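Quick look at what TrEMBL lists:
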COMPBIAS  336-348  compositional bias 'Basic and acidic residues'
REGION    336-362  region 'Disordered'
TRANSMEM  45-63  transmembrane segment
TRANSMEM  83-105  transmembrane segment
TRANSMEM  112-134  transmembrane segment
TRANSMEM  140-163  transmembrane segment
TRANSMEM  175-195  transmembrane segment
TRANSMEM  207-229  transmembrane segment
TRANSMEM  241-263  transmembrane segment
TRANSMEM  306-326  transmembrane segment
Amino acid sequence: MQTNFLSQQFNAGFLAENSTACPANATICDGTSCVLPEDNFNQTLSLVLSTVLTIMLALVMFSMGCNVELKNFLGHIKKPWGIFVGFICQFGIMPLTAFLLSLAFNILPVQAVVVLIMGCCPGGTASNVIAYWVDGDMDLSISMTTCSTLLAMGMMPLCLFIYTKMWTDSDAIVLPYDSIGLSLVALVIPVSFGIFVNHKWPSKAKIILKVGSIVGAVLIVLIAVVGGILYKGSWIISPKLWIIGTIFPAAGYSLGFVLARIAGLSWHRCRTVSLETGMQNTQLCSTIVQLSFTPEQLELMFTFPLIYSIFQLLFALLILGGYRLYRRHRVKTQTDVEKTEQKEDSKPNAKINEGFVSDEMK
């Protein structure tokens, strides 16, 4: 089934238009990109780093759980308006955006499918770390990530069935339910321990949270760098995918924020929903892609998940920087206003009581 995956669409004209020189040791060189053989060093590096990163990620999610109040977390579950808005963003806006971008740029069917897979993936755990740094609602962030990962087992097949009809048979896409289940376990267990620690020892939880938030920020950047090293052999892909990889996360952040605001959520929850919408589980997308396509098809979109990951991180850092500047300006402005009010209030009182007015109050 895979070998017959719309091979008629890959015409010679497209390949000639995008032809480029490939290294001599490339296993695939068909015009649009080159895939190099993975050497033993890369295999060992990948195994070691994936183990280390998994452990670090679990520790980071444990620290994020230390910022979650059990009462508030259960409140979001009992009254899931915020979770519902996030659900609409995650499995409504993102797949539709992927579909429209694929049509607008008129990309190849196999490329359109990988864009749609990215749009149908649940939220990633990196959003929890960024949500902390932008003073988001951590209870909502954790609950949204958990629910989207759980619901992905049913919503991903449904969304892919709806949107990939015009390009391929959805049965050709292999969904790794074991990977989704592992992602859910890796999220729920550390967060649960973190919630317990916060409930029992709140003072210690604050220390763990500060350390974990810094480690988490470093980890996000580290994952992007490691991805660049391990996928160095397939960077030459269609420029259209680079453009989509840039627009897609920006659209997710923007549309998620707008919809959350229309739904009447508070500003800090709007920021949370925005991050949960734009930041996808790119590792899950990579797994699905590698399981579903032949090497000949992989060359056309092999690194799109990594491209999306890089730009979702860059835009998240821009959001973080913008928010920090805004907060600093707002705090400074509020402090100046309070000083002015105190100054104005002190003058008439001193005059009425015939008291002394210092030079600072004049």
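Numbering starts at 1 and runs along the chain as displayed.
Cβ coordinates are placed from backbone N, Cα and C, and glycine is handled just like the others.
Predicted, not measured: the structure shown is a model, and the values here were computed from it.
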Key: Folded-back contacts onto the transmembrane segment (140-163), same chain, C-beta under 8 angstroms, at least six residues removed   = 64-65, 68, 73, 76-77, 80, 82-83, 86-87, 90-91, 95-96, 98-99, 116-117, 119-125, 127-128, 131-132, 170, 173, 175, 177, 180-181, 183-184, 187-188, 191, 269, 272-273, 275-276, 281
Message = Quick check: do the transmembrane segment (241-263) and the transmembrane segment (175-195) share at least 3 Cβ pairs under 8 Å, counting only pairs 6+ apart in sequence?
response = no
Remark   = Long-range Cβ contacts under 8 Å made by the transmembrane segment (175-195), restricted to residues 6 or more beyond its ends, are 54, 57-59, 61-68, 70, 73, 122, 125, 142, 145-146, 149-150, 152-153, 156-157, 160, 205, 208, 281, 284, 287-288, 291
